[in-house]
């Protein structure tokens, strides 16, 4: 093995190789293949609270059956909840369509998985890591970055980048036949019209039929909630209250949760009953090619709505503007696998210190169907929203008088005069036509 190469293109025979093991066809076949070819596979499974996983404890047992030297289940749920709350606090969501956001649930899961699994491998003196990400996607770069951040001595071996593996087991049928030929009664599951990846924060549905934009959200079977577009699915309006303390969600419907994992699970149940947080997005992958995904994130959506309501009621306009600008930038860094880079930590610390710390209060909403909701009440000891300041009724001790406003408007004459002068300059240079038919038809041609 060339010690100068971080990415290994051939199986490191006789050496320990860690594999992120899901128990599915791909990783099962890869683990057995590596074992038979002479490597020493170690299996690591992340418990991320995936809504479509029934029995986590069975996965390491399955890995041992396929030939793993050792198999470990790593509980990542508490850390995932922590990072999910941090993303809410920072508004770290840069992909949206029509005001409906993608909550970066897969990038958050990769940040946790990539660091915690490699850390567990270090404990076992395993310094070679493989996972199931393909060369066309985002995850190959995310895992690469997080893995090397956690263990600078790490080497990467991916069977899906090994030509020998591809030649021998290049497809699902070949992998299934390989397992059967080696004495494993593997029954290949019915292939869906799309691929699904999930964790406690959300689910991603993509690829196959969803690569075509004429295949809509209706072909997806939600795993975290209901198909809100189906008129046969009865959805009753439901009131829900969300309480924050210093930027952290702590209670739902008056019930406090000491465990953030349980808090997220309950938020998912509430939002999922309505299909809240589902979206259809076209996004730019890290390599600048566009992809399309259908996303679920009922709990994240519920917390985001309540959090932003409190943000707008507590903070001033400039703070809100900076929160949004920084959130867009931080969302991109998170998406790119840079959640723990210094530039991301700087943006996170800013939002968590100067925005989130003031967010204490409770928001009550009515959830209906899909992303249809109403805000019914907003309460906080930190609200700067004071209706008496702008009341249309006569009030005593008014915050300002008509004379105060006259003075304020008079001061505006300074920049209005400057603006008219600039428009005149633009007109004289031919950049802007004034008068009839122009974009500013009423200004005339005189300065």
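In case you wondered, yes, glycine gets a Cβ from its N, Cα and C as well.
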ATP binding, same site as 20, 21, 22, 23, 24, 25, 26, 27, 28, 46, 132, 134, 139 - Swiss-Prot member from 197, 209, 230, 259 = 197
Pick from 266, 283, 288: which one does Swiss-Prot list with 102, 138, 142, 195, 204, 206 for the same L-citrulline site?
-> 283
At the level of the C-alpha atoms, what whole-angstrom distance separates residue 142 (L-citrulline binding site) and residue 134 (L-aspartate binding site)?
-> 12
Among all the protein chains here, how many other CB atoms are within 10 A of the CB of residue 142 (L-citrulline binding site)?
-> 26
Rounded Cα-Cα span from residue 139 (ATP binding site) to residue 204 (L-citrulline binding site), Å | 13
What Cα-Cα separation, expressed in whole Å, is found between residue 24 (ATP binding site) and residue 206 (L-citrulline binding site)?
-> 18
Going by C-alpha distance, which of the binding-site residues 20, 26, 28, 132 is nearest to residue 138 (L-citrulline binding site)?
-> 132
By Cβ count within 10 Å, point out the most packed of the binding-site residues listed: 22, 28, 138, 195.
-> 28
